[in-house]
């Protein structure tokens, strides 16, 4: 005997022991094809019956559940409606066998009863392909733990099972449960609807309470996994003790409830998510009322989201706002009247089983009928659609047309294949099973109301599992002062432009710190760090974006620019006048003593240098930068080198020619002055080229250290570092020129240029050193204007300081610009030396 046969044999033994006879037409209806129904009419939360107990629990000994009877009535209503429908299963009568499963206590015996044949025998066979059990399909039960227990039995025979409210994602495993389907969205959609609700109201600090059974543990774990690393944090999670509302509470369980409620009181989290069966919550909420815990937002899982008995608990409305996640309401015409209709008169002669009695069900339902009627048909529709799914599958399997069906034996494996294929419209809703065996019904967020004139479970929003978001969110009557939305945050939301500094282990607990100037907060990328603005942008403190810095450069309308331009124009005119005066007296001794042709070279370069001044104004370009960094320095260096060589040549004539006649003759013969100027010019060109290669010509920008909102655009990004290198040759020439001028202070008056050269060279040396010092300590917007001003002053020092006195002598003392006068001055100098 194989393992499968031994298993079936054992089940047969249990079935033979557990079977008994009871008659009640409320639970049984004969028909051509029977449906099995498993409902919780009474609930036993603690008394779990194990397989080694050979007595079936008597469900009527436990507390009655109105909602369970309401669902059983939905199945009866659907079967009766189908039997009266001439278009669906014409000429075929559906029957049913329904059993009370006591929540989780009575699952095995009904499963065996449904699997057995009419004689209560379950034969041992090698092949069950042609086996016909008592029922063709089973509707229920309601909770995931019971569904899995029953499914393990039914799946051995591929007997179709459709659950109407079990949401565990474990039920999607078709390797374990190939014949199991459900007409309710899976747990992940319920969890996601909760999360979207909390995100909508900015609740990021919550408490979670779970029951100690599989339902509570699994859903609590799923919620924790969904929230891990997200925007919502769990302040704490506690496990509720398993309690029966009509049983005396044990001291340890009571102390546990007291501790949990005290923890809720002390927590700053005002939103409480509860995953638990309804019967486990009665004593808990009694303790909540006893401790006067108010102002909370209770988010109910689908297991108690629309429970009428818990809703009727006295004073419950004082504890806060109740929001529940449940299946959408689909009104079923005629069901409200059918729900309170009594059982059919007279016993039946058909064989039934135990736990098919509920003496108080109808009266209890009548007492809650108003609440049930106003709350609408939610899970009721899931039962209703499950029955219709089986009916449509049978309709297809029996080859029915509009008037007749071919009645024949229906095997479970055939029917389950047809159920997977069904696709029909029921009360304007499309019913079909996805690859996981679920029907994608919408979910609703309901608010509990205690005004008898309103729906006790008022819909405030809907959730589409296919879209994954809430919609049609309505106003909520908050149980708070001034009807304000409750706040449940570990930390208040940061203001715009503030970064989060984590506090503790929860991501929802943080300090808010302002972003510093020059940084901004990009919340889409990183809420915990301020990002630096790009180099050409800036921001104030606590900003979420940067703005463009204002580019700073010399402009013509500025007063400083106009003043410097006027000085440059004055220098240009003076240099042009000096060139005209020198050209008019080109053969005169005064011009020849000033350098002759070299004098015209200097004046020409000075004019060019003055013409370069305007390129300092306006935004720098490659061409203007080339003029600033190459053309002007070369021109100025040639001018200084000419002055230096002129000083050296005069000293040579009067003091060194007699001592070194041969050297002097070589100097004169090979034009030593021009060769020296050419060499110095070449050296300057090399210096400029090296500087340009090191720094480049492209204009660059830098932030103003005094005003970060300003971006200074300049030619040389390392101007301060290269300034001393670029001017080193000029400074050396100025020192040498000053030295030669000082050596010639005793020369004839017409050749004594010590005062003028000393003035020019000293001014240049002092201004250049001052500029280097200034730029080493300051890097603001004044650098360019100071640089230009020093440049113009240096040009003026040469133009006016060196050429000015000579022009003055040519214009106002022409008698001194004669060869005779110069010869007399030389003779006087010679006589003094002798």
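Glycine too: its Cβ is placed from the backbone N, Cα and C atoms.
Model, not experiment: these values are computed from the prediction.
Features of the protein shown, as given by Swiss-Prot:
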type	residues	note
CARBOHYD	84	N-linked glycosylation site
CARBOHYD	292	N-linked glycosylation site
CARBOHYD	312	N-linked glycosylation site
CARBOHYD	363	N-linked glycosylation site
CARBOHYD	423	N-linked glycosylation site
CARBOHYD	482	N-linked glycosylation site
CARBOHYD	522	N-linked glycosylation site
SIGNAL	1-19	signal peptide
TOPO_DOM	20-561	topological domain 'Extracellular'
TOPO_DOM	583-597	topological domain 'Cytoplasmic'
TOPO_DOM	619-630	topological domain 'Extracellular'
TOPO_DOM	652-676	topological domain 'Cytoplasmic'
TOPO_DOM	698-722	topological domain 'Extracellular'
TOPO_DOM	744-755	topological domain 'Cytoplasmic'
TOPO_DOM	801-834	topological domain 'Cytoplasmic'
TRANSMEM	562-582	transmembrane segment
TRANSMEM	598-618	transmembrane segment
TRANSMEM	631-651	transmembrane segment
TRANSMEM	677-697	transmembrane segment
TRANSMEM	723-743	transmembrane segment
TRANSMEM	756-776	transmembrane segment
TRANSMEM	780-800	transmembrane segment
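Feature map: annotations from Swiss-Prot on the structure.
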| residue | record | contacts (Cβ under 8 Å, 6+ apart) |
| --- | --- | --- |
| 84 | N-linked glycosylation site | none |
| 292 | N-linked glycosylation site | 318 |
| 312 | N-linked glycosylation site | 368, 371 |
| 363 | N-linked glycosylation site | none |
| 423 | N-linked glycosylation site | 430, 431, 432 |
| 482 | N-linked glycosylation site | none |
| 522 | N-linked glycosylation site | 531, 544 |
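Per-residue pLDDT, averaged across the topological domain 'Extracellular' (619-630), gives 81. Against the transmembrane segment (780-800), stretch 562-582 has more CB pairs under 8 A than any other of 562-582, 598-618, 631-651.
The list of residues near the transmembrane segment (598-618) in space but at least 6 beyond its ends in sequence, with Cβ under 8 angstroms from a Cβ of it, reads 553-556, 561, 564-565, 568-569, 571-572, 575-576, 578-579, 582-583, 591, 624, 627-628, 631-632, 635-636, 638-639, 642-643, 645-646, 673-674, 677, 784, 787-788, 791-792, 795, 798-799, 803. DSSP classifies residue 522 (N-linked glycosylation site) as coil under the three-state reduction.
The DSSP secondary structure for residue 84 (N-linked glycosylation site) is coil.
Sequence-distant neighbours of the topological domain 'Extracellular' (619-630) (same chain, 6+ residues past either end, Cβ-Cβ under 8 Å): 551, 553, 612, 688, 691-692, 695, 697-699, 713-716, 726. Residues in the topological domain 'Extracellular' (619-630) partition by DSSP class (helix H, G, I; strand E, B; coil) as 9 helix, 0 strand, 3 coil.
Under DSSP, residue 423 (N-linked glycosylation site) is assigned to a strand (E or B) in the three-state scheme.
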